[in-house]
């Protein structure tokens, strides 16, 4: 790994099965979520590191969670609705990245899937039973302006 590669940062995320994508879309509809994240954008961030690391993506498709709960997080851009996942797998993959030297901008890692980046003044809470099945992990150079891809 060259110095340039180390300094460019690394992004790793999990993408989910069609079964999970269907369930997430149904959840958005049943909750009447404003500004829903499109199906093809559903993911769970595993690593958002300002330095590159030799992360090896996992292969295989299996359930990584079967439950979670809804939370609204206040962000610089508004109120974001997330499904916080009860996932030891995603937490372990994040710890693997940290063990390899990944940085992390927050005090804790919270595995989640964003359902909307802007729900306005609405609030959501409650437990959710949903099959969260990993389709694949992927990695790419870190994009600091990732929110521009959402528009």
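Yeah, the Cβs are placed from backbone N, Cα and C, and that goes for glycine too.
DSSP gives residue 43 (active site) a coil state; it is part of no helix or strand. Residues annotated as active site in Swiss-Prot, with similarity to another entry given as evidence: 43 (among others).
Residues or ranges marked as active site in Swiss-Prot: 45 (among others). Contacts of residue 45 (active site) defined by a Cβ separation under 8 A and a same-chain sequence distance of 6+ are given as 11, 12, 13, in order along the sequence.
Counting only residues at least six positions away in the same chain, the Cβ atoms of 44, 68, 71, 82, 83, 84, 85 sit under 8 Å from the Cβ of residue 112 (active site). Under the heading active site, Swiss-Prot lists 112 (among others), citing similarity to another entry as support.
As annotated by Swiss-Prot, active site applies to 114 (among others). In the three-state DSSP reading, residue 114 (active site) counts as strand. Neighbours of residue 114 (active site), defined as other CB atoms within 10 A of its CB across all chains, total 18.
Annotation source Swiss-Prot lists 3',3'-cUAMP binding site at 11, 140, 146. Taking all protein chains in view, 10 other C-beta atoms sit within 10 angstroms of the C-beta of residue 140 (3',3'-cUAMP binding site).
According to DSSP, residue 11 (3',3'-cUAMP binding site) is assigned to a strand segment. Among the features that Swiss-Prot reports, 3',3'-cGAMP binding site is placed at 11, 140, 146.
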Residue 11 (3',3'-cUAMP binding site): tally of other CB atoms within 10 A of its CB:
18
